[in-house]
Every structure is written in C-alpha cells, then in structure tokens.
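Pulled from TrEMBL:
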- 114-222: domain 'Ig-like' (DOMAIN)
- 234-257: transmembrane segment (TRANSMEM)
- Tyr275, Asn432, Asp445: Mg(2+) binding site (BINDING)
- 288-562: domain 'Protein kinase' (DOMAIN)
- Gly295, Ser296, Gly297, His298, Phe299, Gly300, Gln301, Val302, Lys322, Arg431: ATP binding site (BINDING)
- Asp427: active site, proton acceptor (ACT_SITE)
Amino acid sequence: MASEGRCALLLFVSIFTRACWVSSLEVKLSRISPYEIEGKETEFYCKLEGDQEIGDGATFIIWLLDNAKQSEVQGVRRSHLRLKLNRNHTGSTLKCLEHPSQINDTLKLDVRVPPYSVTLDVNSTQACASDTGCSAVVKIGRYYRFTCNASGSNPASNITWLITTKGQRGMEQRKVPADWSQSRQDESMDWDTSSQINLQIPNSITRITCRVFPDDTFKEISMKLVVNNHHGKLLFIIVPSSVVVLMTVVMAFSCILRSIARHKRTQEARKESEYGTIEDFEFPRGKITLIEVIGSGHFGQVFKATADGILKEGVESEVAVKVLKKSATDVAANDFKKEIAIHKNLKNHPNVVSMLGCCTELEPLFIILEYLPGGNLQSFLRNKKEAWPQAAMEGAELVSSSQLLAFASQIATGMECLSSIGFIHRDLAARNILLDEDLVCKLSDFGLARDVSGIEQYEMTSMGMIPVRWMAIESLVDNVYTTKSDVWSFGVLLWEIITLGAHPYRGMHPHDVIDSIKRGFRLPTPSHCSDQLYEVMEEAWRETPSERPAFSSLRETIDAMIPDATIYLDMPHFVADKYT
C-alpha cells in the first residue's frame, strides 16, 4: 500500500514538473534586419527560453516556411536558419516550433528587391555603372546637372547625394539635397527611381556620390570630379587716343542716321508694305488716354488705357496700348510694324489677342489691343504654386488637372491658327500668354523684338539676348526658325504649365543648357505627370524637326486627355517645393 502511494506521488510530481516546464517555456524567433533582401542570404535565429534541461533527445526545434519543413534540430536551445528568398516570399510565414510542446513563434516575411542597375551621369553623359568607377572634367563656378538612376527596385529606392571636398582637416563628405526626384513603376511592378541635383562646382570638390537605399542595404556610385582651372590668358589692349576720337565721330554720325531713319519709318508706316496696308486700323491718337504702365522692355512699353469710341461710338473702352520707344532700333520698328500687319491678317480668333487699332502717323507708334485682366499665364501659374502648400493642407484645389490641360489645348489651338497663315511666333512661352476674365488663354507678343528685361527669360549668347530655355535645337545651333521650332517651344510651355510656372533647366548656365540639349538631354518628367502626357513633350522635343507633330495633332491629343485629366496629370500629388 505504501509502495503504491509512493508511485502515485512520483507520477504526480513528474506530471506537475512537466506542466510547469511547458508553461515556463518560451520560443523566440528573430532576424537581424526587419526586412529580407531578394537574392541575399538571410539568417534567422530561434531560441528556447526556460528552466528545462535539454539534451535527453526528446526536444526538437523545427523550422517551417508556410508549414513546409525547412530544418529540424534535436536537443539544443538555439538554432539558426539561412534562407535565400525572392519577392514571391513576401507575406509568407516563417515558424520556429518546439516539439513536443508545439510552442512556437512566427514572423511575416517582407522581401525587398534592390535595384538591379544604378547609374550616374553628368549633363546626360559620362554614365557610370555601380560596379565601375569613372570621372568627369568640370570647371569651377559652372553649373552641372547630375542624374542618378536606380532601376528595378521594390519598393521604390531612396536616393541620397553626397559631395566630397578637400578641407583643412582633410577630405570631408556632406549630404546635399536633391533638386528633383521621382519614382515610376514598370510593367513588372518594380520601381525605377531618378534623382537630380544642379550643382555649382566649388574649387574644393573632389567627388560626387549617389547612394541608393532600399532600407538596410545600399548601392552607390562615386564619380571623381577633375577640376579644370584653365581660364586662358587675359589680353590687355591699349587704345590710342586717335581711336577714341574716331569712335566719338562714329557715334555722332550714328545718332544723325538714327534720327533720319525715325523720320523715314514714320512716313513708311502709312504706306503699303509686304504685309499689307494698315490704314483701315488707324485710330485717332487724341482719343486714347494712357493710364498706367503694365509692361516694359528695352524697345517699348505696354499701357493700360482707355480709347473713346474704338468699340462703340461715344463709349470709352479699356484697352492695352503697346508703345514703341523713340530710341528703338530700325529692326525693332520693323518688327513692330510686322506685328500690326500680322494682327490685320488674323482678324479675330478666341485664342489670339485681338488688335483694335493702331496709331502710325506720328511717333511714338501705337498698337491698340484688347485688354485682358487676367494677366499673363506665367504669373497666374506661379501665384497658384506659391499658395499651393497651404491650400493642400486645407484640402483645397487651386487649379485642376483639367483646367491646366485646357490651357495647353487653347494655346495649341491659337498656334494652329497662326501656323496656318505661315506665322512663326519664335517666343512661345507662358509669359507671352494672356488670360481673359474667364481664364481663356490668348497668344500675344507677335513682334520679334522682345522684352528682354527679365534675366530668367532672356540670356546673352553670341546671338544676343534670346530665350535659350524655350528654343529648339536648330534655332540654337543654326539660327533656324520654323513652325516646328514653335512646336519645340510648346513642349517647354506644356512643362511650364504642368509644373505651375517652374523655370526650365533651373540652375543651369545658358551655355550648359545649349550643350546639354545638343547631347540629347531634355527636361525631366514631373513626378505627377503620366507617361502619356510626358510623351507629348518628348515628341515636341525630337531632334529632327520634321518628326515633331503639327499643332493640330497636339491639340487633338490633349483634347482627348481632358475628360480623364486626373489620370494624366495627378495634381493632388503635386509638390510645389520641387519646382521653382
């Protein structure tokens, strides 16, 4: 009887001890990184915690991936498992199980895909691959555009820029912010990421680095920058006093000729020219009252004014009056008269500013135009962009995708009209588009003598002050202008509209813009712009003019996008700070 009692007691103690051991057992599964990297072997760790004794062969650690056994280890407290995973394992469950208790720990796999290719280039050339070193020759003080492309990652890569400079303490590396970045999904749903910076080269720079982070792993490219300090020799010329005297005589003679030319062009303004007569548009100068200057350039000014009886007898109407300065050159004066003749032949078009009359009998010459209270499109867009961050916080939409595409369509319609009569604008840009009270776009500035007072719009080159950033490659290289060069400018204007008035090629010197365009560089895709809409710009920027679309084709393409505008232009995701 006592023996049976002892056996029962031992059995109870054994069961109780086993129960306590099981209840105190804890399985812990861990990994070094919170993510797995495709193609890279990842190590997982499993640990049994508790006071039980291991080693009797009765305890197993079993590894399961989606309930499929991967490994089994007997009589140990710790185990590790190495797995090489791919993207298809994302969402799978890895389990570490203790047998026989069946106590386990699990984790969900999240497999990240690093980019298969990382490249770095400067001004669209000098491409470097991630596994090769390269260098570029740069000049101190010049602006260069560096572009880093990471292809095929999932999720999208995060690109960081670093520059290495030589300082007093040796080599120093610091981060620099990107000017523009975007990520796009390809057909396989992986992400292609691009990032750009415009960098003015300091004299201490030695290297620029593009570092690509998909979370805890990265690839990087480092480009060595070789600084060219050669500026050439300065030439000092001593001008003899006789030359100074000669220059004075020439300047005086030039003034006399200019005075004669002014008198001559006043008389010729009333005559019939190759552009047709303008007498039918002549309006009495005395019925015009100039109110205030609303625009100004080297050769003329634009006034807000009133004209008595120009639209209806006895009624004063608000008008805009372009006034040619007496100091204008003969070329500017001829362009002024050409503008009058162009307006005469245009009659009326809803997307072209209408001429109401002119004053050519005496100087200064006047062109009387319809007054458009909406101002120019560039100012309209930039005002919207300035207010965009606050409006976005409040959930307000300052300008819709459909309205922006409508602007582009209206401009293409106006240019379709102008090109049909053989007119070449030569300065198609947002600053030369005016808005009426209903925000309808109208083309303006048909004279070839432009307001070149804005440094951002017109830049000095060997061809004079020209709008480099809007000009076609053949215009920049060969000084050739056609309707197809206007199509190129329309592509830049469309980019302006989409970015709410951003300055094209921001940070690049005009000579660098020309060199980059010649090498095939084009304005980057705005991050909120679809591939289909960007293709419209790309077609306009084709190097061969004959391969660019006609304005009628551009209008039809854009019109087809307007009903589903948000698909092509995602303005709710527009980031104003990216585009200045």
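Note: Cβ is positioned from N, Cα and C throughout, glycine not excepted.
Every protein chain shown contributes to the tally, and the Cβ of Phe299 (ATP binding site) ends up with 21 other Cβ atoms within 10 Å.
The Cα of Phe299 (ATP binding site) lies closest to that of Asp445, out of the recorded positions Asp427, Asn432, Asp445. Asn432 (Mg(2+) binding site) sits 14 Å from Gln301 (ATP binding site), taking the CA atoms of both as reference points. Within 10 Å of Asp445 (Mg(2+) binding site), counting C-alpha to C-alpha distances, fall the following of the recorded positions Gly295, Gln301, Asp427: Asp427. Mean pLDDT of the predicted structure over the domain 'Protein kinase' (288-562): 88. The DSSP secondary structure for Asp445 (Mg(2+) binding site) is coil.
In terms of DSSP helix, strand and coil, the domain 'Ig-like' (114-222) has 0 helix, 75 strand, 34 coil. With the fewest other C-beta atoms within 10 Å around its C-beta, Gln301 stands out among the binding-site residues Gln301, Lys322. In the structure shown, across all protein chains, Asp427 is the one of the recorded positions Gly295, Asp427 with the greatest number of other Cβ atoms within 10 Å.
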